[in-house]
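Undergrad: Before anything else, here's the structure in question.
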Amino acid sequence: MCGIAGTFRLNEESRQDLAVDLARIMIRRLAHRGPDGIGDFADERACLAHARLSIIDLEGGAQPLFNEEGNLALVFNGEIYGYKQLQAELAKTHVLRTQSDSEVLLHLYEDLGFRMHERLNGMYAFALYNRQSGEFYAANDGAGIKPLYYAVRNGILLFASEIRAIVEALRAGRMECEADLEAARSYLLNGWIPPPYSLLKGVRKLPPGGFLRVRDGRVESGVHRAKTPVAVLGNAAAVSSLEAQLTAVIEDQLVADVPVGLFLSGGIDSSLLLALTPAARRKELSTFTIGFAGNTAEVRRSNEADYARDVAAHFGTQHHTEYMAAQDLLQLLDAGLDAMDEPIADPAILPLLRMSTFARAKVKVCLSGDGGDELFGGYLRFRTLRARQWVQALHAGAPLLAMRRVMGLGMMGRSAVCGRMRSLLGHLSDPRFFSGPIDPKHVRYLEQPLPAGFRSKHVADVARSTIEEEIEGQLAGQLLPKTDRITMWTGLEVRVPFLDDRMIDYARRLPPAGMATLTRGKMPLRDILSRHLPARLAMREKHGFRVPLAGWFRHELRSELEGRLRDGRHFPVQLLPVNHLTEILDAHLGETRDESYFLWAAFALESWFRRHGVSCH
């Protein structure tokens, strides 16, 4: 895991010295992503730069890397899983100079060109420069786990792992650096900025499976991996083979030349990763959990430390728990806002930063359960879609006894069962059902109706479309950027087994009807976990990584919150006037209603504009 940056001159009028200077400015700004060394390569057309966090081939994996003839240059951020098999194949026709996974990209590109992605499985963002043809190619993985931003200014293409690097380069080069208020509006409504947009006009980020190509001075962008139809598995075959598939993925993602750990919340996803870790590896595996100190009702609801401790004890790991109180949050606030690069409306960045710092003192790599909810029906909307299918079946005359047994609704009558279903189905008319949790009434001129295509589809199509929407929406826009930016701020690589290409393809083949019941989601994962853990741990309700922010904003963080939001100096008041923002603030502080999530979103947005010196007025 690393940071990459660089420049590519699109025409002869652009300045070579400026392009090289900008690339080096950007990579220095990304030094936190690669504390083990910085390297670059420059010629008359391009400059590729790399900040290294050494995980595999500690001695020989420095970058940029070159092929045998020296006409292909590469900078790479991420990990390629199953790379040893690729090395064995490529060694038959190429001279391999390192033991790193990065080098396989060079030779796959030589052999397959843009079809190289068909052979790649991993999390990655890279840039390739062909010195002979003068072509440039950059891409990221199919789930968008690894980021890449880019912009064109003054005939120069700039690219970097984080937008902060591009902002610094634009300022150094006295180039346009203007806020994109449409992106800010999307952020306030949804809680994130969807790819390919960013908070700066003309600065874009690759979507999941995106690519960027330059030929003859023309910049092209698109998606390198098309979604192909898949055959749906039967329920029995789905669950029986899922365990074997996930076990194989975990084994591949445990490969490293440095110690590996696991973020353990005690929830379904991380507990299952631990359960399927080979027994020989568990004893040497460090697991990490964050808990909240205090005894208020909000703190007690937010704590999963006890569950995590019980799961770790069951499997015999080397378990570590770090507790944080309100004062710890205050101390992390500035670092957390710096680390997130672009604003993310999720205060869980703060405990994640604490846990990453805590874990980094012991390991360089951690596995995380990110993606389990999105792929396997962990959210309420998946259960609601399932409920619609049941209502349709009841109205069509399905036997009531069988329906009650399947839904776990005891002795309810037909009308009561239909009533319970309709209460869930009410979510389908709520704009927030398919968007973020920020109430649209807070944003002027904004409406976010349910996408039309979701209203008329059969439930199977809707459920599968929902998986795709999750991957391309909240995962790419919020959850993965949060994990990448916060953990890389501390020099920690985090791997996400549920978002391995094999798991995404597998999830798309699962029968939608088996994803959720009325009361529980992620049934395929629960079924597997129940064979490895007691029921009280395997079947407990979804908890989430919540931060007790409501009380903190009313007490410990009150002065900080009011000081930043009351005057609206660094807030886009064109989207949300100061008087409306003040009303929301007063309602929360006066305990009229809980607006903590929205206030965090506004707080993070204000901080981004202020810290980067970008005007939003």
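Note that Cβ sites are derived from N, Cα and C of the backbone, with glycine treated the same way.
For reference, TrEMBL lists these features for the protein:
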type	residues	note
ACT_SITE	C2	active site, for GATase activity
BINDING	D101	L-glutamine binding site
BINDING	I290, S368, G369	ATP binding site
DOMAIN	2-217	domain 'Glutamine amidotransferase type-2'
SITE	D370	site 'Important for beta-aspartyl-AMP intermediate formation'
Undergrad: Is D370 (site 'Important for beta-aspartyl-AMP intermediate formation') helix, strand or coil when read with DSSP?
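TA: Coil, per DSSP.
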Undergrad: Nearest to D101 (L-glutamine binding site) by Cα, among C2, S368, D370 (recorded positions)?
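TA: Going through C2, S368, D370 one by one, the closest to D101 (L-glutamine binding site) is C2.
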Undergrad: Of all the Cα pairs drawn from I290, S368, G369, the residues the record ties to ATP, which distance is largest, in Å?
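TA: The two farthest binding residues have Cα atoms 15 Å apart.
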Undergrad: Non-local Cβ contacts of S368 (ATP binding site) (under 8 Å, 6 or more apart, same chain)?
TA: L262, F263, S270, T483, V494, R495, V496
Undergrad: List the same-chain residues at least 6 positions away in sequence whose Cβ sits under 8 Å from the Cβ of I290 (ATP binding site), in sequence order, or say none.
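TA: Expected: A305, T321, E322, Y323, M324, P351, L352, R354, M355, F358.
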Undergrad: Same-chain residues six or more away whose CB lies under 8 A from the CB of G369 (ATP binding site)?
TA: F263, S265, G267, I268, D269, S270, L272, L273, V496, F498
Undergrad: About how far apart, in whole Å, are the alpha carbons (Cα) of C2 (active site, for GATase activity) and D370 (site 'Important for beta-aspartyl-AMP intermediate formation')?
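TA: With the alpha carbons as reference points, the distance is 20 Å.
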Undergrad: Of all the recorded positions given, C2, D101, D370, which residue's CB has the most CB neighbours within 10 A?
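TA: Going through C2, D101, D370 one by one, the largest Cβ count within 10 Å is at C2.
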